[in-house]
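Chemist: Take a look at this one; I'll ask things after.
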């Protein structure tokens, strides 16, 4: 089985590898441009004359818009195709950052944040595109590399943004530079050889391995495929490149659905807006009614726990260990760098686990919980240094695992919807974490991480209960496939 997985890694066409590498570049440049702006936003809105309360309300605009738009835009990318949805998101994001560079009042500032809040989902669509391009066995490796490239951009961006800010009109220069980066990304996406991305993978060994790798897909995968075929895609049956194969008995089910969805997406852009909205609504309803509540709940609990870890990190280090902000900044940069490098470890670690993503998720969650506990009870700075070292690695692996499991259970044909839904769940965590952190700090500087330990323990308990059920479904799925092949 391991030899088959290794052979799969060498069967991606060379030009498709180039597409994947270009997507890495898009992810790097995306977060490089955004991270130039993020540290400067609060200072700029205060310079425009906003009070702390108004600044907080303005700052929350982006998060609220992301909360409601993530799933919708992700589902829309399933409907109209990755190319046009990504181009739309990049262009409108460039517009938003361009307007930000002209914001000389609070009103213009809020106006500039609206298109960015609604359409800054290029990274989610990139992940969905990567999921379309590679097999299930390759997906953790490719996603890990993409996360690593994006994280490097997020580390380097503030350095450039800080340098530009030292000059007169630095914020406006940074905003226009960010807009130019998004326009450059738009050109790169436009020039990608999309015909290669839409070519079905025809290798028989590949299809067989991909079918075996899909043992964690639940029974809702077939149901949702049939619903999408009958409701969302009924107007395109005659334009698909080939027959749609549904049902768990077909050895090439995932492959046929993958290529048909992409081809249909390219055609459906020309369909009326109401029909596109109907397809988007159908996909969102399918995900909402699926048996994936456990994965989304684990994502929410861990997202809040991780945000609580960082919520008052600088203040807690100063109060507990008299550590200066400069030293704390070095520690945060060290942890962020390790998190970026950890993306390259996802593939080898996944291979070490035999592609058993539920077990890897459980173990990474347990490790993250222990590291938060170590930080909350740390008697010295060196214990914090130790927890930060492994915390960056465990959280990077955990994020990749949860995304991969969502795609396994929900089916790659709806990868945009699933990734968008996951981002919406994380956005809920971003809304709740500051509130919970403020309440916990009323009791102790160690309050936020201590609360994070409790939430992480709840996630571990949930996984201990649900993982055996996932494994049971996996065995039933394999038995059903074997029985069908014998017949």
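Each residue, glycine too, has its Cβ placed from N, Cα and C.
TrEMBL: automatically predicted annotations, no manual curation.
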Chemist: Looking at 265-283, 360-378, 379-397, which stretch does TrEMBL describe as transmembrane segment?
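Modeler: Of 265-283, 360-378, 379-397, TrEMBL gives transmembrane segment for 360-378.
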Chemist: For the annotation transmembrane segment in TrEMBL, which listed range does it cover: 170-192, 193-215?
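Modeler: My reading of TrEMBL: the transmembrane segment range is 170-192.
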Chemist: At least three Cβ pairs under 8 Å linking the transmembrane segment (21-42) and the transmembrane segment (170-192), pairs spaced 6 or more in sequence?
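Modeler: Yes, since the transmembrane segment (21-42) and the transmembrane segment (170-192) share at least 3 Cβ pairs closer than 8 Å, they count as touching.
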Chemist: For the transmembrane segment (170-192), which recorded stretch in the set 54-77, 84-100, 142-164, 331-353, 360-378 gives the largest number of Cβ pairs separated by under 8 Å?
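Modeler: Result: 84-100.
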Chemist: Where else in the chain does the transmembrane segment (142-164) make close Cβ contacts, counting only residues six or more beyond its ends and a cut-off under 8 Å?
Modeler: 20, 23-25, 27-40, 123, 126-127, 130-131, 133-134, 170, 173-174, 177, 333, 336-337, 339-347, 396, 399-400, 403-404
Chemist: Among the recorded stretches 84-100, 331-353, 360-378, which has the greatest number of Cβ pairs closer than 8 Å to the transmembrane segment (292-311)?
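Modeler: Ranking 84-100, 331-353, 360-378 by Cβ pairs under 8 Å to the transmembrane segment (292-311) puts 360-378 first.
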Chemist: Taking a Cβ cut-off under 8 Å, which residues six or more beyond the ends of the transmembrane segment (331-353) line up next to it in the same chain?
Modeler: 2, 5, 140-141, 143-149, 151-152, 154-155, 313-314, 317, 359-360, 384-385, 388-389, 391-393, 395-397, 400
